[in-house]
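J.: One structure coming up, written as structure tokens, with questions to follow.
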Amino acid sequence: MQRTCYIGELNASLVGQTVILQGWANRRRDLGGLIFIELRDRSGSIQVEVEPDSPAFHEADTVRAEYVLEVEGRFQPRPEEQRKGGLADYEVIALRVTVLSAAKTPPFELDKGESVAEDIRLKYRYLDLRRPEMQRHLMLRSRAVAAATAFLDAEGFVQVETPMLTRSTPEGARDFLVPSRLNPGEFYALPQSPQLFKQLLMIAGFDRYYQFARCFRDEDLRADRQPDFTQLDMEMSFVTQEDVLDVQERLLAHVFRTVLDYELPLPFPRLSYQEAMDRYGSDKPDLRFDRAFADVTDLFRGGEFGAFADAETVKVLAAPALTRKQLDELERVAKQNGAKGLAWARREGDGLTGGISRFLGEQAAALLERTGVEPGGTLLFSAGEWKKAVTALGAVRLALRDLFDLAAGGPRFQVAWVLDFPQLEFDEEAGSWTYMHHPFTAPRPEDIPLFGTERQGEIRAQAYDLVLNGFEVGGGSIRIHDPAVQTQMFQAIGLSEAEAREKFGFFLDALSYGTPPHGGIAWGFDRLVMVMAGASSIREVIAFPKNNRGVDLMAGAPSPVSPAQLAEVGVAVTTES
């Protein structure tokens, strides 16, 4: 027998008809001689009623949680007093119940999954994925893939797969290495991104490329990181930055409209990197709420309050009224992010009290005017070297968001572009310049003469990040297509011609065979779906993720391999004492 429909497809037009449904027993209860089974499939659930004189009763009496069933019965409305809306207004009166597969007692109650330790859920992921919430997340992901694919196909993009076994090249994180059995002592690397290959496809003349690319980075994990993850990777030839941003805005709006029935206003707001850091202390600001910083460096320059007078930057953030405990917690956040402390003062009437108020004097009135802090509200100050000061206060701003649910009053989704990143940043530990995005990012043409000068830190990149609700969900750039500029970039980061040729020789050769201007972007697809689904971690939108230690608890990976396997690929394992 084949089912007549999914449970979620049942509707009023089928009332009185006999239906065949297949799925899992969510729960079973006995009441007044009747057996009630809640039957679940990926589309929904419905109550099955089995009457004592039904030929289905004996089989139904054996059913326990998570048994796999086929139910044939009459679809009908429930008594009016029992209706709760939707499918809960209906039930199926069983004529036949067939147990297709029995089940052991699950290690946790599926309908209480959120209260179960995550490691247990991950160990029994195949059970965790039966939960309606998890199925909604993965089905949303599937619809997002389909929507993006349809849009890109219509825009003339060509889907091309790039190699999974490639050469190890420096991209910022550690590579996952794969020993070559046929070439002893040599290794492949799993790709951190398809960066060079997609640029080679532009050199090859494919004009517009995309793929849902699997990427691998051996780095420390956070709530929004996995060692293996998915990018929606795109590249376009003969384009300017504006061309790329236009396609991306229309693509993201299409995905949200198709999948969530949500309209993203176009065009997306834009901030420069400098503005984002200056106002929000982050290059991926959450713009669902404002709470921008005020710069008050000038109010304290040369003044008597030494902690602020000599600081490169003094920023202030207006916050609601805060308790001593809350202030202590926010100071802890500031210190975790590089600040020496978090100064504060409270508004009382037309003046300031508490904290550092006794040092403010004539600055108090100007502070109230610039910040617009509410009566009883608190001013939070961060002072010192610019990047440390704004970054610490940016972390405090996000802690305030979580403490007072500040984003709840804003739009459900807020997208923005962050542009004009620095091309280079100085690595204090190494004492040298390094790239901020990757070494193939094109600088602004007017800034190219600054390479090799004392002002090369001022070079702006033609780079752009796509930010959604405070998460970076995409990042890209216009690429260098002039071999001479690529050489200048390598020199700026201390890469000699010989080193560049050893690492990227095949790519540098390709650049010399006629390279079109080109640019692209990659979406962090797991992270995007996480935000769309309202999930707390990308592990909630990936079918079989690793935990925050990079371990697959279900399959038991990573795992030791036999000495014979190691010998076959010429690898010896040493353990540190």
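Using the three backbone atoms N, Cα and C, a Cβ is placed for every residue, glycine included.
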J.: Name the one residue among Gln211, Gln226 that Swiss-Prot lists for the same ATP site as Arg217, Asp218, Glu219, Glu472, Gly524, Phe525, Asp526, Arg527.
T.: Gln226
J.: Of 3-6, 55-58, 195-198, 483-486, which span is tagged region 'Aspartate' by Swiss-Prot?
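T.: Among 3-6, 55-58, 195-198, 483-486, the range Swiss-Prot annotates as region 'Aspartate' is 195-198.
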J.: Can you tell me the CA-to-CA distance separating Phe525 (ATP binding site) and Arg217 (L-aspartate binding site), as a whole number of Å?
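T.: Phe525 (ATP binding site) and Arg217 (L-aspartate binding site) have their Cα atoms 15 Å apart.
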J.: What is the pLDDT of the region 'Aspartate' (195-198) when averaged and given as a whole number?
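T.: For the region 'Aspartate' (195-198), the model's average pLDDT rounds to 96.
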J.: Work out, from DSSP, the number of helix, strand and coil residues along the region 'Aspartate' (195-198).
T.: 4 helix, 0 strand, 0 coil
J.: Relative to the Cα of Arg527 (ATP binding site), which of the binding-site residues Arg217, His437, Arg479 has the closest Cα?
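T.: For Arg527 (ATP binding site), the closest Cα among Arg217, His437, Arg479 is found at Arg217.
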J.: If I take the alpha carbons of Arg217 (L-aspartate binding site) and Glu472 (ATP binding site), what is the distance between them in whole Å?
T.: 17
J.: Just to be sure I understand the packing, how many Cβ atoms besides its own are within 10 Å of the Cβ of Arg479 (L-aspartate binding site)?
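T.: For Arg479 (L-aspartate binding site), the 10 Å Cβ neighbour count is 24.
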J.: Rank the binding-site residues Arg217, His437, Arg527 by the number of other Cβ atoms within 10 Å of each Cβ, and give the residue at the low end.
T.: His437
J.: Rounded to a whole number, how many Å is the Cα of His437 (L-aspartate binding site) away from the Cα of Glu219 (ATP binding site)?
T.: 17
